[in-house]
């Protein structure tokens with residue numbers, strides 16, 4: 001299994017729609033000034049989060065149960081900057097829509113800009129033939145409020161291609177998050 005380069009990412013996105021919308025290079029500035037970088041890097045793709053957030057709250061004194069998740073545990077928020085309360089988390093989604101090839105497994109890692117501020121990004125692997133917008137989880141590990149900037153870089157996707165095609169892909173299994181759009185809560 002080998003990691004794929006910027007040339008491969010560019011070709012797969014421009015010719016096969018692997019990432020849409022796609023940024024062929026690194027963007028570090030916008031009309032608003034400096035931004036946290038996004039777009040194609042040497043061996044990965046830095047994704048942006050949209051301006052759609054679900055901020056965790058415990059006003060209902062609920063128990064977090066992944067098999068019976070209560071949507072009321074979140075406050076919906078739309079805006080350019082999301083403020084995550086201390087020791088809490090928020091969900092968001094990527095601006096980009098992904099179509100992962102059958103021979104590829106994609107791993108997501110947080111950007112150092114956020115990690116150095118105590119903000120951790122968590123995403124499970126994007127499996128072969130999965131497609132959709134990626135739901136992102138931001139954990140604020142600090143005891144201070146933390147900011148997440150919409151439409152700026154938040155995490156990096158790394159693409160690994162196997163030397164052998166898998167027998168059963170995510171699509172073949174009818175995975176429950178296939179084709180997801182928007183911020184998607186846990187499903188069982």
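Keep in mind that glycine also has a Cβ here, set from the backbone N, Cα and C atoms.
Annotation comment: Swiss-Prot describes 111, 112, 113, 114, 115, 116, 135, 136, 137, 156, 170, 180 as dCTP binding site. According to Swiss-Prot, the feature active site, proton donor/acceptor maps to 137.
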Rounding to the nearest whole angstrom, report the longest C-alpha distance spanning 111, 112, 113, 114, 115, 116, 135, 136, 137, 156, 170, 180, listed for dCTP. 33
Please work out the number of neighbouring Cβ atoms within 10 Å of the Cβ of residue 113 (dCTP binding site), leaving out its own Cβ. 14
Within 10 Å of each Cβ, count the other Cβ atoms, then let me know which of the binding-site residues 111, 115, 135, 137, 170 comes out lowest. 115
What DSSP gives for residue 111 (dCTP binding site), in three states, is coil
Can you tell me the three-state DSSP label for residue 135 (dCTP binding site)? strand
